[in-house]
């Protein structure tokens, strides 16, 4: 009995030990599985954060930095280079300011929302302000392109009337109108504000929702994109047609032999044979022999024979500029069309997949942002003066080149009282030695007075003989 009891006790003890061992093994195995699961989740989280960081770095390097840097170069070039300070380039400067503000205030915050998975990470009051700046600067960039195309077409179609209004003050008025139109399109965003989730105010996505901004999305797409697009396309084809027509007329114009009697207006030198010096004289039958001495006839005719060549060269340069403008329009369509078409579809299509459309908008808006970085490249790399300025600014050289400084010095040295022959001799002796080529030279009369507004008036520069094509190319705007 005692022996049986001892055997039973030993058996119970063995079973208890075995049970505890099994329980320990099960707990250990379960703990190991949970540990592996946690480690796997942590690994996936780290990998997800790594992908987000890589995506952010790619956007910063490929889009934001070039946008900021390129537009700063454009602003510096127009502000510092005297040769670039004319009305058309002030439009470019304003366009560069709009694109620069996109790179400084819009793109970084948009990138921040990507890193936080579309959750607004900043104070809620800043959300409407950021949306307003986004719409404002992007619209201003598009409106500047539209205004440039209109201004260019008018300048080619009616050059005399356009040149009369082509002052700095007029350019600033046009730029102000462009910014006011952009503000008018974007102002409904901060007025209406965004709809806040009362239950969870920290889980807010900063975006224009269909329920609250549906009508604005339709209006904004039409006013900020499709209307300017229509204007740009129409003016572009009208510009091409006008240039082709002018090129045809110049090409098929019968050659004319210029004589001393075919020149309606010339700038005269100060001559001792006259009682009072005349700068500009209208030629009539009673004074022709006095005003144009026979000794200068051949020189005058040689200078006037280049007018036709310069007209053809100018039209050729305008055609090349229009091709560059075509590249700008093509890139504009390529970069902004997907966003605005998707935005319009999201506002009008109730049966469409809203989640898919919102995802597409997040992608397409960055393609539109790229346009702000491309604009300064396309508009300025076709211009030699911009390229030279960019090269100096990149090397932190913000001073004018030696040739430009010398040109300013010679411009102040050459006087109106001297004859054209005397000024030409002075320039030939000193100008080439200091690095000034004939294409860079402008007569004191042109530097002092504005362009005479008449198709029958011809301005005789001091040097217009050998490098006429280069001079015309340098004077024609490539915008």
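Each Cβ is built from the backbone N, Cα and C atoms, and glycine gets one as well.
Feature annotations, reproduced from Swiss-Prot:
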{"type": "DISULFID", "residues": "127-206", "note": "disulfide bond"}
{"type": "DISULFID", "residues": "349-352", "note": "disulfide bond"}
{"type": "CARBOHYD", "residues": "29", "note": "N-linked glycosylation site"}
{"type": "LIPID", "residues": "396", "note": "S-palmitoyl cysteine"}
{"type": "MOTIF", "residues": "211-214", "note": "motif '[DE]RFG motif'"}
{"type": "MOTIF", "residues": "375-379", "note": "motif 'NPxxY motif'"}
{"type": "TOPO_DOM", "residues": "1-55", "note": "topological domain 'Extracellular'"}
{"type": "TOPO_DOM", "residues": "79-89", "note": "topological domain 'Cytoplasmic'"}
{"type": "TOPO_DOM", "residues": "113-128", "note": "topological domain 'Extracellular'"}
{"type": "TOPO_DOM", "residues": "151-170", "note": "topological domain 'Cytoplasmic'"}
{"type": "TOPO_DOM", "residues": "192-215", "note": "topological domain 'Extracellular'"}
{"type": "TOPO_DOM", "residues": "239-323", "note": "topological domain 'Cytoplasmic'"}
{"type": "TOPO_DOM", "residues": "345-359", "note": "topological domain 'Extracellular'"}
{"type": "TOPO_DOM", "residues": "382-479", "note": "topological domain 'Cytoplasmic'"}
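Neighbour counts were taken as the number of other C-beta atoms within 10 angstroms of each residue's C-beta; across the recorded positions 127, 349, 352, 396, the minimum falls on 396. The C-beta environment of residue 206 (disulfide bond), restricted to residues of the same chain at least 6 apart in sequence and closer than 8 Å, consists of 113, 120, 127, 130, 131, 194. In the three-state DSSP reading, residue 396 (S-palmitoyl cysteine) counts as coil.
Across the structure, residue 396 (S-palmitoyl cysteine) and residue 352 (disulfide bond) place their CA atoms 53 angstrom apart. Mean pLDDT of the predicted structure over the topological domain 'Cytoplasmic' (79-89): 85. When Cβ-Cβ distances below 8 Å are used as the criterion, the topological domain 'Extracellular' (345-359) is approached by residues 207, 210, 214-215, 217-218, 221 of the same chain, each at least six residues removed from its ends.
Applying DSSP to the topological domain 'Cytoplasmic' (151-170) sorts its residues as follows: 16 helix, 0 strand, 4 coil.
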